[in-house]
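Presented below is the structure to which this report refers.
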Amino acid sequence: MEGSGKLIVFSAPSGAGKTTLVRHLLKQDELNLAFSISAASRSPRAGETEGIDYYFLGIEGFKKRIKANDFLEFEEVYKDQFYGTLKAEVERLWALGKNVIFDIDVVGGLRLKKKFPEQTLAIFVKPPSINELQIRLKNRKTESAEKIAMRVAKASTEMATAPQFDVIIKNDDLKRAKAEAIEVVKKFIQD
Ligand SMILES: Nc1nc2c(ncn2[C@@H]2O[C@H](COP(=O)(O)OP(=O)(O)O)[C@@H](O)[C@H]2O)c(=O)[nH]1
Ligand SMILES: Nc1ncnc2c1ncn2[C@@H]1O[C@H](COP(=O)(O)OP(=O)(O)O)[C@@H](O)[C@H]1O
């Protein structure tokens, strides 16, 4: 797969604030970004829309696409919960002349960086602490206590991958983190 667009990857433990930062960047027209809509094996949450937040394939549908070699990368992010980037999605956005921005897990993020080393800026969003992650996920009210525990349990291993990323943005003060995100992405796109 080839294309001239750039890839901006945001990875972090769940609750660190990637979605918040990515949404903010998408509002900056001068960055010419488009969001890579991932495929997911899970069902939509309240407020999520098919083809906007994810392509919700269901577990069987997802496995079919794995067999067909349709993914650029995919991961079983949590037990029995698959997420992945479809090749066709990145091709679609490159064809529109866009730089593509991703909200994906740390393993997927590093895999994309390896596949497209020159074209990719891999950003790790670092939460102030694991305890703060738990508080944010509780406040977000989208996950059951069990699912929060599962996400928090994974956070330490994910935090250990931070040094492999090109940039680490600490998301303590959100306003500052947003400004830093714009600055690093702008610089990468202009270079
Ligand atoms: N490898 C990979 N991970 C993804 C992809 N899309 C989403 N994820 C990750 O899957 C995890 C779960 O996403 P989600 O259920 O929306 O939970 P949230 O992070 O708590 O909002 C997050 O860590 C996402 O970054 C993808 O295409 N590939
Ligand atoms: N700097 C911050 N301080 C406090 N709360 C934050 C901050 N950044 C994000 N949040 C909140 O924390 C929760 C998790 O953020 P989200 O962007 O959904 O994370 P992720 O996509 O990494 O799981 C959301 O409810 C969000 O509004």
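Easy rule for this one: first residue shown is 1, then count along the chain.
Glycine residues also receive a Cβ, built from the backbone N, Cα and C atoms like all the rest.
Automatic prediction, not curation, is the source of TrEMBL annotations.
Here the structure is a predicted model, which means the values were calculated and not measured.
The domain 'Guanylate kinase-like' annotation in TrEMBL covers 5-186. Under the heading ATP binding site, TrEMBL lists A12, P13, S14, G15, A16, G17, K18, T19.
The domain 'Guanylate kinase-like' (5-186) scores a mean pLDDT of 95 in the predicted structure. Proximity of the binding-site residues (A12, P13, S14, A16, G17) to ligand 1: a Cβ under 6 Å from the molecule is found for S14. Ligand 2 lies under 6 Å from the Cβ of S14, K18, out of the binding-site residues P13, S14, K18. All chains included, 23 other C-beta atoms sit within 10 angstroms of the C-beta of S14 (ATP binding site).
Other C-beta atoms found within 10 angstroms of the C-beta of G17 (ATP binding site) number 24, with every protein chain shown included.
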